[in-house]
Structure formats: structure tokens, C-alpha cells
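Each remark here refers to the structure printed beneath this line.
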Amino acid sequence: MEGPLTIPVLDKGFVRLVDQMGDDRAIVQAARVSYGEGTKTVREDAALIDYLMRHRHTSPFEMVVFKFHVKAPIFVARQWFRHRTASVNEISGRYSILKEEFYEPEAFRKQAKRNKQASEGALLDEEALALLRKVQQEAYGAYRALLEKGVAREMARMVLPLNLYTEFYWKQDLHNLFHFLKLRLAPEAQWEIRQYARAIAEIVKERVPLAWAAFEEHLLEGAFLSRTELRALRGLLTPEVYEKALSSLGLGGSRLKEALEKVFGPGEAL
């Protein structure tokens, strides 16, 4: 792998690609263990990866692993670590004196009226930003004062706020990394973690372009339909109309047949 790729995020954070095991070829090689020798060209590799993605054959994607070095506010890291399939190692406030680095947003956001866990719109309030700076400065001052009094680092850190920056290494396989991106790129995800997800997406798109294209087509920009939703679609569409629409978008052959069967079932598809 080439030298480290670092993308700045927020005011003081970053995402850095530390290491990578495998690429698009590793996905294809893993699949061929199951399917035998077959595809050889890039076009055929892309078709195989697309097939694996749309049929939810996940294990070949787990053969690719990314390791990132991340610097993010603690409140972002706590959301991040909810994705428990990764291997994580974070800087320790027990062993190290934590730096005076805080995330300061350009503006606060207002509480969303319809979603208790979301925000909306900008709240341009200089007094609110001044209050944030005052509290974080006082908290870090108390932290240093406790250390100077001989209080253990593991206890002195209790006074530090959640907008303090932390750093961690995060190692994740591509299948679960795509799941992370599906959730954290979504509009309802908190704005701050979306910026980190976008940085990771930029790296992943460059490193595994065929897998990214399949992910974007079937998961990131795709949707799952419930039984009720399928019934509603069947009431509005005919196989003929749907086939014409799919064909106009360039879908043909087995992919066209598969798409028709997804909505109308094997017995009704043309």
C-alpha cells in the first residue's frame, strides 16, 4: 500500500488510512472458491461482485480489511463504537494526559420538533458558543488542577466534556464497513459523524471501486421492500410496464428477469 492517506474532518479531526488487506480482486478470489474458476476480466469481476452484493453473499467482502487512525470528538466516538464488529484501540486517559483539544461547531443546531434524537436548522447564537468555550476551558483547567494535586489520571479525566477530541485505531472488514457507511451516511445520522463517514467513503471508493459501485447500487442508494409495499407496487404496475421502465435504464438479460421476479415473483415475471 502507498503512504498514509489522511482526510481532515471537522475543525481538528481526521481520518487516516493506516493499512489495507485485499482489494476487489480478493473479493473475486474468495468467491471463486465457492463458484470455481470463471471470471477473468475487470468487466466480469465487476459483474461477479455486483451479483454477490445484490444476493447478499457477504463473506467474500469480509476478506477485505481496512485499518484507520481516527481523531474525533468523544461523542462521535461513542456513536462509532456502537458498531461492535470492529477491532478498536483508543487512546487511554489512564496512561496519558489528554490534550486540550475541543470540537467547536461553527454554529449550534436546533432540536428537531418531530425527532427526539435529531437536530435541524442552524441556531446562530454567539452566547451559546461562548458558553461552550467557557465550560470546556473551565473543565480542562479543573482537569489539570486535579492532576497537579496528585489525583490519578483515571479519576481526573471525569471532569472532561464530550467534545474533547480522542484518537483511536479502527479495523473493520468491508462487509461491516459498508453497513457502517449505510447507517452513518444517512440523512438522519448526526451531522458530525456523517462527515467522518464521508471521509471513509472517499477512501473506500478509491481503494475498492468495483465493490463500491455494487454497494452504491444495491445498498447505499437501494431500499428493501416489505410485503405490504410489494403488494402496493403490484397494484400499480404491470410486468410489461415495469419491464419497459427497467429496459429504458439499461437493464437487460438475466438482470432484467431477476428484477421482474423481485417484484412480481417467478410465476408472474416475463
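Yeah, the Cβs are placed from backbone N, Cα and C, and that goes for glycine too.
Per Swiss-Prot, dUMP is bound by Q79, W80, F81, R82, E90, I91, S92, G93, R94, R157; the candidate from R43, R54, R184 named for the same site is R184.
Using a Cβ-Cβ cut-off under 8 Å and counting only residues 6 or more beyond its ends in the same chain, the motif 'ThyX motif' (82-92) has close neighbours at 98, 166-173, 176, 179-180.
Fewest Cβ neighbours within 10 Å among the binding-site residues H83, R94, H179, R184: that distinction goes to R94.
Ranked by CA distance from S92 (dUMP binding site), the binding-site residues S59, H83, L174, H179 have H83 at the top as the closest. A simple Cβ count within 10 Å picks out one of the binding-site residues S59, Q79, S92 as the most packed, and that one is Q79.
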